[in-house]
Amino acid sequence: ENISDFSLNITDCTQVVVPEEVFFTVAAAGILENLLILIAVIRNKNLHLPMYFFICSLAISDMLGSLYKTLENIFIILCKMGYLTRHGDFEKKLDDAMDSMFILSLLGSIFSLLAIAADRYITIFYALRYHNIMTLRRALVILAVIWAFCAGSSIAIALFSYEAATVIPFTILFPLMMFFILCLYVHMFLLARSHAKKIASLPSSTVHHRTNMKGAITLTIFLGVFLCCWAPFVLHILLARFCPHNPYCACYMSIFHVNGTLIMCNAIINPMIFAFRSPELRSTFKKMFYCSR
């Protein structure tokens, strides 16, 4: 509310509002698509692999992001209609819960992408030892640790969100993790280039190598989409905390609804990438639809 007032009072930038119909349609599509991914992996035993469990973790994070923005929009509508107050104790707890859900979604997405990147790295460069290194049990333990850490961090950050000491590490974590994943990719592709020359004389290895590189390229697309969809909102958080009175910052914050919609678009795009680039998932989706008919 205060940010909106600043935007209107000290800048000429008008508040960009996304129609509620568009907002809820995008959110519902994101939730349903990712739910479809989860159902497909659960139903197809051939997909009970560490890689697909990490993909399910990313799908759950996307669903939480869409659900967060949906609940927040409903909360705003109820406030405008007078059913809720902006400064009551119940509303404050509800707001903290939604903030915690947002942070959980962001951290879950980051660490899920990191887990998928590490899985691709092991698949490419330790192919013969992959099933010994990345067992199903080990993958589940990794996911349990990731979500326990993300849940604890989201609650702590939401409770102390007004402290600069909390906001700064949270916003720094985003570029640091992205930089780490990027370095992992650069290292991965450089080594893959040299490995490709060594295994060129082995037809079966070449096919296996191409399959693994296809998975790495898919993850690169995930990373690019994630950055485009989440970075504007993370920038909004920084500006809202450190320069809310600045006209240029207030002008950028006038597109708050657009940045929120981008988060939900990420939840729509990711399942499309899964379905487009994974033959196993495409086959599972076809069987699911045919059986339902």
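Glycine too: its Cβ is placed from the backbone N, Cα and C atoms.
Annotated domain 'G-protein coupled receptors family 1 profile' per TrEMBL: 33-274, in sequence order.
Taken from TrEMBL, the feature transmembrane segment applies to 22-42 (among others).
Feature annotation from TrEMBL assigns transmembrane segment to 49-68 (among others). Using a Cβ-Cβ cut-off under 8 Å and counting only residues 6 or more beyond its ends in the same chain, the transmembrane segment (49-68) has close neighbours at 26-28, 30-31, 34-35, 37-38, 41, 98, 101-102, 104-106, 108-109, 112-113, 115-116, 119-120, 123, 134-136, 138-140, 143, 146-147, 215, 222, 263-264, 266-267, 270-271, 274.
Marked as transmembrane segment by TrEMBL: 102-128 (among others).
Under the heading transmembrane segment, TrEMBL lists 140-162 (among others). Long-range Cβ contacts of the transmembrane segment (140-162) within its own chain (Cβ-Cβ under 8 Å, at least 6 residues beyond either end) map to 53-54, 57, 96-97, 99-101, 103-104, 107-108, 111-112, 115, 170.
What TrEMBL records for 168-192 (among others) is transmembrane segment.
According to TrEMBL, the feature transmembrane segment maps to 213-235 (among others).
According to TrEMBL, the feature transmembrane segment maps to 255-276 (among others). Nonlocal intrachain contacts for the transmembrane segment (255-276), taken as residues 6+ away from its ends with a CB within less than 8 angstroms of a stretch CB, comprise 3, 15-18, 22-23, 26-27, 29-31, 33-34, 36-37, 55, 58-59, 62-63, 65-66, 69, 72, 105, 218, 221-222, 225-226, 228-230, 232-233, 236, 282, 285.
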Query raised in the report: Looking only at the domain 'G-protein coupled receptors family 1 profile' (33-274), what is the mean pLDDT?
Result: 79
